[in-house]
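As recorded in TrEMBL:
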REPEAT    1-82  repeat 'Solcar'
REPEAT    95-179  repeat 'Solcar'
REPEAT    196-274  repeat 'Solcar'
Amino acid sequence: MLCGLGGILSCGITHTMVTPLDLVKCRIQVDPAKYKSVFNGFRVTMAEDGTRGLAKGWAPTFFGYSIQGMFKFGLYEVFKVYYSALAGEEKAYEYRTTLYLISSASAEFFADIGLAPFEASKVKIQTTPGFANTLREAMPKIYGEEGISGFYKGLVPLWLRQIPYTMMKFACFERTLELLYKYVVPKPRQECTKNEQLVVTFAAGYIAGVFCAIVSHPADSVVSKLNQEKGASAVDVLKKMGITGVWKGLGPRIVMIGTLTGAQWFIYDAVKVWLRMPRPPPPEMPESLKKKYGLA
């Protein structure tokens, strides 16, 4: 439950903070002829909608990603403990990367069911001129035009975007954190101050975020275009965009996701510190394995 609270704060706050960059990224993806680059996208948006236009979609972003964060982080910890117990101590250590991958994938599957209606509303607000300006306007309109399926038509592409993203986010973070403490940080984690530990957490999160952005970007482009076009399928959108089209907007997304992921892990870890929750160190080889491999 407390891990879920950390997820709400880490995802809801950070995603809302980068709403302007997300808006421009979505517009580049759905209308690259009009929004030619990040700077051009900001300029055109401000010329047409003013500074307030850059905040379009903040409400569905905040509520959607708060719900998603609660399930993502909360269920990740639950699944990690569950799968570790199933595997046993030795296998859980030897195959820990696989453990991180399947735990995060399981958590994200459920998290996206909560996110999907808000993501559909956000993209409509940000990319369809005149459709709606607020979440309260957008949701009834989507339901009136397309029914409940209008909120979930992008769920499968959302899974295709978010599950690889989250698998990379958690597995890459866990292993990067392990490597930073092993090879970069000059002293063991238990000897670092809490502030030093949080800096290492942010660095590991940012590195993980860069890889997250790359592996999930094609699906992100499809989700943006799909939620903009009524009645289109994911296959239709993919054919229309082509191989090069799905990579539009990658630059701003790397900056956005790198910063987001680093900040999310920082906030999540800070919440654990604030609530005095257990923060286990990077995993160490069990004594039984050390004896098995003659390392004891």
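Yeah, the Cβs are placed from backbone N, Cα and C, and that goes for glycine too.
Mean model confidence of the repeat 'Solcar' (196-274) amounts to 85 (pLDDT, 0 to 100 scale).
The DSSP breakdown of the repeat 'Solcar' (196-274) into helical (H, G, I), extended (E, B) and coil residues amounts to 70 helix, 0 strand, 9 coil.
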